[in-house]
Structures are given as C-alpha cells and as structure tokens.
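Engineer: There's a structure below that I have some questions on.
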C-alpha cells in the first residue's frame, strides 16, 4: 500500500477515535450546522473560575493567617521567639514544596473534581487543629501536615486551568485566580481584626478562633466543591455539542491535551526532558526569586507594619490597601497580556515596580514614605505570579511536560519562600530589615533579567522554527497540525512559543 494511502488511513482512524471520545458531538454539531456559542469561554469562566478562585483564596488565607495570629498574641501565648516563628514557617514549606510533583501526577489518575476538594477538606481540618494547640511542638506538627495536604493545590489548579483554555486566553483567568492571594492577604487583615475580638470566648484566645473559624469554612466549602467542579470542559452540562466540538478542536490545535484523554499517559522521558528546557529553567529561577518576595510579604507584612508605627488591629487593617491595589493591577495587566500575547513584557513591568518599591523602602527613613513604597513593591511582586505560571504553561507541551513544568516552577517558588522565612526578623532584624530588603531588591532585578533572557530565547526559537517550516515546503502542519503538534510537543516546528 502506498505511504500516502497509509497516511490517509491513519488520519481517518485518528479522527474516528477523537470523535468517539467526545461522544459524537462533533458529528452532531456538523449535521445541525450549529456554531459554537458567541460567549463560550465566558460560560466556562462562570462555571470554573469562581470555584477555583475561592479554593485558592481559602488556601492563601489558611496558609498565611499565622502572620495575623502572630500579631494577635500567638507568639506570646506559646513563648515563641522570632527564630521559632521562622522554623514554624519552614516546617510548612518543606512538605509543601516536595508534594507538588506527586499531586500533579496523582491528579491525572483521580481527576481534579476529586483531588482538589479533597485537598481543601484536609488542609481545612489541619488549619482548624491549630486553634487547639497548647505548645510550640503542637504548632509545628500542625504546620507540617498543613504543608503536606495544601501543597498540591496551586500546581493542580494551574494545570487544571491550562487544560481548559487556549494559550492566549489563559493569563487573564490565571490572574483572576491569583488575585485570590492579594485579596486573601488584604481580607485576612480585615477578618483577623474582627475575629480576634472573640478573645476569651470558650476560654480560647482570639488567635485560636482565627484558625478555627477559617479552617471550618474551608472544610465546608471543600464539600460543596465536589458538586461544583467539572473535570473537563466537555463535562459541563450546559454546553451544546457545537460548543464541545469547538473546545476540543481548539485545544487540540494548540497542543493542549484534555485532562481525561486516554492517550495522554505520562512518560518518564517527557518528564525528565522538561528539566532540560531553557525556558522552564529560566522561569523556575524567576519563580524562586519572586517567590521569596511574595512569601515574605504574605507572612511578614503585618509584622513589618508594626515596625512602621502601627499596632494590633491597625497593623492588620493597614495591610489591606496595598494588596487590593495588587489584585486590580494584576487583572488589568493580564487582560492586555492575553490580548497581545506578551507574558515577558508584563513580568518586566511588574518587576520594575517591585524593584523601585524595595529601593524606596531601603533608602527612606520616613515611615510614611516606607509605607507608600508598599504600593509599588506589593503589586510588583504579586503581579509577576500570573504571567510567570502562564508563560511556562503556554510553552510546555505535551501534557506530561506541562504538568512537570508547572510543578517545578511552583516548587521553586516555595524554595524561595523557605529562604525568606529566615530573612525577616531572624537574619534581618526589625524595623528596617536591611539585609532582607537588599536581598529582595537584588532578587527582583534578576527576575527582570530572567524574563528578558527567556523572551530572547523564545524569540530565537520561533525564528528557527519559522526557517524550518519554510524549508519544509509545507503550507500547514501534517495531519492538520493537531496530532503532529501533540506528538512532538513544544519541539514541533509548528508549535509557536508565546512571548
């Protein structure tokens, strides 16, 4: 049989298998001449984004509320030193970092609808238990298990969203989800100011009620999420067959495999290859550097504010405005980043803001000026998160590489977080935190350099692939592009990197 005939037969078999997998919706949509809904992606947003954003919000709240508890009397109640506080944070972050690869692999097996809500219930229970500890060792045990069960959420949600949306629509959705960190950091101050007033109720201090109430709400929401979270976009009941066909074809054409496709099995060779990709390593380094800044602000900002002259509830409330500004700016920037496909430029702009903020905080001796610098460095640091995760997801295919790359970047972010737990207070004393500020200032400069370097490398790769495509003499990818791109992943000459 001629090779061209074999190729045609192979393509026909693949099309038949693909149509069978999505339940025949492609054929039904074609026979009815019905097109996809005009607001298709918005419909998916309504079903998916609120659920995952609230999950991530609760995760950020439950992981970072120890800083609010510290200001509310936790340190004095358990006779903790700044050194011991740093140990408690580190004990959380070590299992948080290690578990991410395993959970991303496990989510492929059990599915996100089971995996993500289960994690929420487990970490909610652990958070609640912190409200009953009576010793430092008991707190350490709770923080260890909190990190173990919560660590898989961020890489899991990032991978989940990357399996739902085309590459040029991903950062805005990721940014909305990431805004939960800024909102949680802001809201935690407001919530803490209210909850700590329960001091003495049930013979428990206010900081204990902070852990108990926030943890119980997470458990409740985790149970609800079992019924709200779809496994794939094709499982959404309100989508028409034409909608499902359009989603499936769009994701295939961009080299994105749906999370439940049977042919999308993990291959260890693909996983190991991920760690040799220059763009993954550069983004991983940027994740480490910026992760230190984000975690430092998340864990220590209320404490930093006490060094600027604010005390107790006032320190909690004064942490709100910078985080609120961060959430708004990140979403606005992501809208333009998706529209023009400029992840690197977004990172550079936010990195420059953070650099300026840290420089002002370091140079000034006026508390009001130093507080004003937070409106640069907090949005700058937190604004880097969405393009950071989106950029590596956009440029990693097939699915095993994307899952590994996202887990790697998130793990590197947590390694940076481990470092910063020792910078503030322990190695860099209050109120100026000179060594910590200098370190994070340098980190932001190098983060900008990583973004520039990654942009240059990806641009060169796109030009190289364009040359190879021109030399091939083909007007389009073999087999309409989808199968060829998926088979070769981001190595394919038909796979264009997002800049």
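Cβ from N, Cα, C; glycine included.
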Engineer: Ranges 256-277, 344-365: which does TrEMBL label transmembrane segment?
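Structural biologist: In TrEMBL, residues 344-365 carry the label transmembrane segment.
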Engineer: TrEMBL tags one of 60-80, 144-164 as transmembrane segment - which one?
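Structural biologist: TrEMBL lists transmembrane segment for residues 144-164.
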Engineer: Pick from 436-458, 459-481: which range does TrEMBL record as transmembrane segment?
Structural biologist: 436-458
Engineer: Where among 176-195, 207-229, 371-393, 405-424, 436-458 do we find the most Cβ pairs under 8 Å to the transmembrane segment (280-305)?
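Structural biologist: Looking at each of 176-195, 207-229, 371-393, 405-424, 436-458 in turn, the most contacts to the transmembrane segment (280-305) are made by 405-424.
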Engineer: Given the cut-off of 8 Å on Cβ pairs that are 6 or more apart in sequence, determine whether the transmembrane segment (83-102) and the transmembrane segment (436-458) share at least 3 such pairs.
Structural biologist: no
Engineer: Which range wins on Cβ pairs under 8 Å with the transmembrane segment (114-132): 144-164, 176-195, 207-229, 371-393?
Structural biologist: 207-229
